[in-house]
Amino acid sequence: MNPNQKIITIGSVSLTIATICFLMQIAILVTTVTLHFKQYECDYPANNQAMPCEPIIIERNITEIVYLTNTTIEKEVCPKLVEYRNWSKPQCKITGFAPFSKDNSIRLSAGGDIWVTREPYVSCDPGKCYQFALGQGTTLDNKHSNDTIHDRTPHRTLLMNELGVPFHLGTRQVCIAWSSSSCHDGKAWLHVCVTGYDKNATASFIYDGRLVDSIGSWSQNILRTQESECVCINGTCTVVMTDGSASGRADTKILFIEEGKIVHTSPLSGSAQHVEECSCYPRYPGVRCICRDNWKGSNRPVVDINVKDYSINSSYVCSGLVGDTPRNNDRSSSSYCQNPNNEKGTHGVKGWAFDDGNDVWMGRTISEDSRSGYETFKVIGGWSTPNSKLQINRQVIVDSDNRSGYSGIFSVEGKSCINRCFYVELIRGREQETRVWWTSNSIVVFCGTSGTYGTGSWPDGADINIMPI
């Protein structure tokens, strides 16, 4: 090959390489521009309906990094379409309950600024669980904590933190309340907050951080609600509220709420004689609640709520191993599904249970007379067979030498089923522990498991002798 041919060959190869590089740069530029403007090609609702843009429910700030030679491309992911929760999955099959969370609020109060609370509960949005409680407007190591045994003051507020985070000074005060309920409909939080005079209280309905509706006392005798989570199905939330005597006939209503607005109110119907402090859970297509009869029965009332036609039915848990405190011993206690058992029915404590086919899972204090200890178990036939007493899978949550308190249910939606969880309020201070002047609580939380589990006891654990007075 002569010198001229070599020059021509080298020039041709160089030109070819230059052309290929030029085309690659054009391809990279086109790819970059295409990915950059891809965010405008998301599928939005056809009727020009605005998409909510709140950080709780919209994931707009996720980036994917793609490397092409030396070019970095950022692609914004389209926002997820937010939908109402419908709770249509089946209930998880469980063998018992496993430990989930404990906040140790009282122990931490010995050396830190922790709120004085009572009436705690837990509820979850689609991505995270939160703990709630009614604060007393003071921390424990504060003279304002004196005499906080009282339930209803204008200083009480609903507190909200991520589950497992004690109520420290930076805790959000959601609303003014001495009785409350909260739930997430899939788009935003609903809070039902009761406060005011005993004879003329107000319930405020706060949705997505805004006050949307309210209702005043209808029987002028301590309007009150669940002290645990409400339930929302396809955008309709239900909450059970009672106004009237705590030891006689009262007026219970079930309110149906859509995005904070009361759309319907149904009176209690069925055979339940007295209903307070219901622990409710989704039982698609409706809602089921296990409540407290503070008048006639130590067996717990059941309230079934039809979300579609607003109809209500009520009865009692069939299990002869009853769930309230005080109660008869297990040999002499009874329940026949339809009526209160008239066994130590006066007084009581908030509690929970849930159906599992014909059986029932339930929790209760170990003591028959006081809020001490806590146990869970399953009663075979306890949902369908009158006075059934065959107990299996018993677990001790708090040993009988330690105090407990209120307890309630909350539901968590998994990939294939809905799990049931519960919390136990661990009360400390007055009236029983008179060395101190305050009354407050911590909580322990368990969730259903299909696996195996061991044994233990999870009391509050604070040494009252080293606590602030």
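Placement of Cβ uses the backbone N, Cα and C atoms for every residue, glycine included.
Owing to the predicted nature of the structure, the values given are computational and were not obtained by experimental measurement.
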Just choose from CYS78, CYS92, CYS124, CYS129 the cysteine that Swiss-Prot connects to CYS417 via a disulfide. CYS92
In Swiss-Prot, CYS232 is listed as disulfide-bonded to which of the following: CYS193, CYS237? CYS237
I want to verify the bond table. Which candidate from CYS124, CYS129, CYS230 sits on the other end of the disulfide that Swiss-Prot records for CYS183? CYS230
Return the single candidate from CYS337, CYS447 listed in Swiss-Prot as disulfide-linked to CYS421. CYS447
Swiss-Prot has ASP293, GLY297 down as binding Ca(2+); which of ASP309, ASP324, ASP330 does it also list for that site? ASP324
Could you check which of the binding-site residues GLU277, ARG292, ASP293, ARG371 is the closest Cα neighbour of CYS129 (disulfide bond)? GLU277
Are there any residues at least 6 positions away along the chain from CYS318 (disulfide bond) with a Cβ closer than 8 Å to its Cβ? List them or say none. SER335, TYR336, CYS337, VAL360, GLY381, GLY382, TRP383, SER384, THR385, PRO386, ASN387, SER388
Using the Cβ center of ASP293, GLY297, ASP324 as the Ca(2+) site position, which other residues in that chain lie within 8 Å, going by their Cβ? HIS274, ARG292, ASN294, TRP295, LYS296, SER298, ASN299, ARG300, PRO301, TYR316, VAL322, PRO340, ASN341, GLY345, GLY348
Tell me, if you would, which residue among CYS92, CYS183, CYS278, CYS291, CYS421 (disulfide-bonded residues) has the fewest other CB atoms within 10 Å in the structure shown? CYS92
Near GLU277 (substrate binding site), which recorded positions out of CYS124, CYS237, GLY297, ASP324, CYS447 have their CA within 10 Å? none
Would you work out the biggest C-alpha to C-alpha distance among ARG118, ARG152, GLU276, GLU277, ARG292, ARG371, the residues that bind substrate according to the record, and give it in angstrom as a whole number? 21
So of all those recorded positions, CYS237, ARG292, ASP293, ASP324, CYS417, which one's Cα sits nearest to CYS230 (disulfide bond)? CYS237
Simplified DSSP label at ASN200 (N-linked glycosylation site) comes out strand
